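Take a look at the structure below.
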Amino acid sequence: MKSYCLLLSITLSCCCSAEDLPDPPSIHLNSKYLPNQAEAILTAGTPFTLRCTGASSVHWSSSAFCLLYHGRLVDPIDVQRADPRHTGTYCCGYTNQSLEHLSTWIHLYVKDPADPSTVFVTPRNSPRVKEGQDFLYRCLLTDPSVTNLTFQPEDNIQGSGQHLPVGMNVTVDPQRGALIQDVQRSFSGQYVCSGWKDGRHFISRSFHLLVAPRLPPPSVAIHQNKAVRLEGEKFEVTCVSSSTTHLFNVTWTHLTKKNFDVAVTREYRNSHMYISSTLMIAAVSQEDRGTYTCAAASEDGVTTATTHLIVLDSRFMTTYLKTWHANTKAKNKEISKEIDGNLTANSTSIDIEANRSSKLHMKMELIANVSTDGVHVNNISSSTTVEAYEGLDVILTFVTESYPPLSNQSWTKPTKVNNNNNVTMYQENYSINDTRSEASLLLRRVRQEDHGSYTFHFSNSFFSGSQNIDLRIYRSPSAIISVEKNTLTCSSSGYPVPTIAWYSCPGILKTCGNLTTTESSEADPTSEHDEENVRKLLNLPLSTGGDVTAECIASNQVGAFRKVFHLREHNSAFMSALIGAGSTAAILFLLLLVVFYKWRQKPKYEIRWKIIESTEGNHYTFVDPTLLPYNYKWEFPRDKLRLGAVLGSGAFGKVVEATAYGLGTDDVTRVAVKMLKPRALSEEREALMSELKILSHLGYHDNIVNLLGACTQGGPMLMITEYCSYGDLLNFLRARAQDFMASILSADEMEGDPFYKNMATLYGRLRSDSGISCCSDYQEMQPILGSAEKQQGVQMGGLSFGDLLSFSHQVAQGLDFLSTRNCIHRDVAARNVLLTDHRVAKICDFGLARDIQNDDSYIVQGNARLPVKWMAPESIFQCVYTVQSDVWSYGVLLWEIFSLGKSPYPNVAVDTHFYKMIKDGRHMTQPDFAPVEMYQLMTHCWSLEPTDRPTFKMICQLIDRLLQSNDDTNHQSYSNINETKKDDFKGGKSQRRGEEEEQRRQRGNLWIPLSVTNIYQLS
């Protein structure tokens, strides 16, 4: 009320030019004049009279609780006995509405010294406020001498120290009360107003603030966001709105139109009120086009939805062709012709440059643009040529904007293109949305037999036609030479059409290409060709004067093909044959010697995984894997498997990425396929079959690379396993070592810390100390991304301390599973752990696909190559392999993980000193990033006595507790790592380890002593 009167007074003061306006009313208290905005103090129990005089009739309004509900007050206000609840603002104004801005107000304080509880007067009811609104709690002060006014929780008065809720902004005014801005649900509670006078603390009666939750505004939806109509057609659109309250309405607006024909229906169901508002236009015109907005409004807010109306004066059709194919550059040749119905059809011939990148590029071209005002148009047709490389995907998409919308769309393909054996070689997709339609044809990994004419047919009630696409597949040339009398004919085929050149040179040579040759010009050569075949003739001389080599070279942008013809003199034929036979025999003999030598030098492959048949102490009897049964349910059709890029290769075999169609429940599955190289012997074939049998015997587990299928008949043996896109763990850690170290050091520490200055050196050491010889032809496992993933910008992310613990835990789970299946791995190392795209660690054995002959991780012992630095002492010195020896190797793998991919025993050669160090029980030092618990686990894994080593089940339980602790103390763990790095470089490693041990004891006893007898129950 006071604010309203103040606003009127300010308005009055600004209107100085209005000389004909009367003066504001004047107020008298007990016959004493009080100026505008004056304050007066009364004592409770005394009478008072307020009188207002002015140029015309006046009326009163007041914020006093005693007079608040009296309705319109009349002059004068006569009170026989003043009460503290008469405290408030009294405003007098003219009853004439044109003079409402002229008003006068005063504020009365009615204090009662005998009753301290009346220092504040408050409403009798607890307020209920809606969330998000401002709220004025009128705790009115009756004694202006009370100062230090505050608004606070009631519990704070009792000494609990409770403060206002977070985000509560309160302004206390002695004349108005406490204004709370933007009330939130967290503000609910008991509050009081308080103040101080002469050392005494006065508080108001407490009140309970109830905050009603803010209701969402009504929902609104228009299912048709765009509509197209011809002039004179009917248009209807329905807007559906719903809310939990009945108090909302729905309205339509348009930029130019004001009046609408609207039908409204209401329905209450499921505790919601639904309002459907349908806007109707009987015959649209150009004035009706534009955006129509449907607004649903309530006291909780306004929600809108729009639809756009397009008004056409004639029917139309516009068609585009989008082609997705390999990285190409199109060279367009436009051909235009007139067709009935004011149609211009454009066809484009596309020439593709020789770039075999698998990244897809899109090109869009206009095919047809037609309009008609009522005549049916037929024969909307044109032709387009698309060229593609064999083995790549091609996507043909026709995009049509038309009115009326298309009612029929279809593709016809060459008869030889079909989906055989339930393998989808092509896929059609159709969509129609309002006036826009799309028809796509996906051809997967096109082959030569896929070339030909592809036709798209379309129609609606006014337009019909077809678009033809001539698909050409690039093909490298082939050539043959035929002889007829004295004429050589070189016939070549390929696409693009090859270019043929004849060359001749004296003597019998393999090729004329390395000599100074000239194109034959004896007799004019003739040529003839069609789109894919070409012939060129060469006339031979009647007398050659010796042996002559004629060479035909056919080439196009895909490749070149050479064909040689030897013309011999008769007297030299026998000598040439004799020389040729002798040379061939000598070459064959040398080749046999080389092959025999290589065969003697080639290491015999042995599969690392072993299945235990029985045990007697430390003596294990292993199952011969060749005797394991093979279940032919694993067989998978070869024609449903498309091989891709090589993931890894070795001396005996390789692993390639592949796509399997119809494997399991998925239509398309990305897999890895292990296969033998062509020069592999029967021993390698038997080894791969043994590995297949072992995997099928083990069964499924999340943390091993699981078998998905196999092809053992009708061709080379293929073993199909899960695909792990991140490659092996070793390279994964090394690739992210620098980012991991940077993430655990703050920017300030990096500027002055000597560790940061040496990061590049350390990173270089991580990269160079790989254990792979520089002369090795072994291709390490690498992640390969498909084209779709590249387009989406797949980010493989960084590396965290939690990731290191997770990898350790998952590998332990996988090895625990192997131990329960009586399986010994014998080559546990980071290089034999793969990561999926979700960073799931899976144990594998590269086996045939790892070149151990050129891998420095494998050391020659006798006639075998062994991973000595990962092997347990009993395996090195006694050739004993047990589950406990896998535990030793797992400890070395942990060292690899927490050193971010360093090679174990860095800078230590495998010699007599190394073997003595192993026998003496000397361990590697704690890795840079390993907590105390993990290093203790490593040392327990390296116990000289195998039975003192922990079981994999115990290891899983320990790391599981560390993972849970890491979630709770993630920030603290990184702080410890930062301190660790500084201490290592500053010589304080022992002190740091003592501090970490103390922190470990404070966090709780996560470590359980693992030096207990390890007895695996093998059954």
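Placement of Cβ uses the backbone N, Cα and C atoms for every residue, glycine included.
Listed in Swiss-Prot for this protein:
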DISULFID  C52-C92  disulfide bond
DISULFID  C139-C193  disulfide bond
DISULFID  C239-C294  disulfide bond
DISULFID  C490-C552  disulfide bond
DOMAIN    224-312  domain 'Ig-like C2-type 3'
DOMAIN    641-963  domain 'Protein kinase'
CARBOHYD  N96  N-linked glycosylation site
CARBOHYD  N148  N-linked glycosylation site
CARBOHYD  N169  N-linked glycosylation site
CARBOHYD  N342  N-linked glycosylation site
CARBOHYD  N346  N-linked glycosylation site
CARBOHYD  N369  N-linked glycosylation site
CARBOHYD  N379  N-linked glycosylation site
CARBOHYD  N408  N-linked glycosylation site
CARBOHYD  N422  N-linked glycosylation site
CARBOHYD  N429  N-linked glycosylation site
CARBOHYD  N433  N-linked glycosylation site
CARBOHYD  N514  N-linked glycosylation site
REGION    845-867  region 'Activation loop'
REGION    970-1001  region 'Disordered'
SIGNAL    1-18  signal peptide
TRANSMEM  577-597  transmembrane segment
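A count of other CB atoms within 10 A of each Cβ picks out N96 as the most crowded of the glycosylation sites N96, N169. Nearest by CA distance to C139 (disulfide bond), out of the recorded positions C92, N369, N433, is C92. The domain 'Ig-like C2-type 3' (224-312) scores a mean pLDDT of 91 in the predicted structure.
The recorded positions recorded for this entry are N408, C490, C552, and the Cα of N408 lies nearest to that of C239 (disulfide bond). Distance from the CA of C490 (disulfide bond) to the CA of N433 (N-linked glycosylation site) is 55 Å. In this view, N369 (N-linked glycosylation site) is surrounded by 16 other Cβ atoms within 10 Å of its Cβ, with every protein chain counted. Rounded to the nearest whole angstrom, the C-alpha distance between C490 (disulfide bond) and C294 (disulfide bond) is 76. Other C-beta atoms found within 10 angstroms of the C-beta of C239 (disulfide bond) number 27, with every protein chain shown included. In the three-state DSSP scheme, C139 (disulfide bond) is classed as coil. N169 (N-linked glycosylation site) carries a strand DSSP state (E or B).
If you compare Cα positions, N429 (N-linked glycosylation site) sits closest to N408 out of the recorded positions C92, N96, C193, C294, N408. If you measure from the Cα atom of C552 (disulfide bond) to that of N169 (N-linked glycosylation site), you get 92 Å. Cβ neighbours of C52 (disulfide bond) (same chain, under 8 Å, six or more residues apart in sequence): P25, S26, I27, H28, V58, W60, D75, P76, C92, T104. The Cβ of N429 (N-linked glycosylation site) has 11 neighbouring Cβ atoms from other residues within 10 Å, across all protein chains displayed. For the domain 'Ig-like C2-type 3' (224-312), residue counts in helix, strand and coil come to 3 helix, 61 strand, 25 coil, using DSSP. Considering other CB atoms within 10 Å as the measure, the emptiest surroundings among the disulfide-bonded residues C139, C552 are those of C552.
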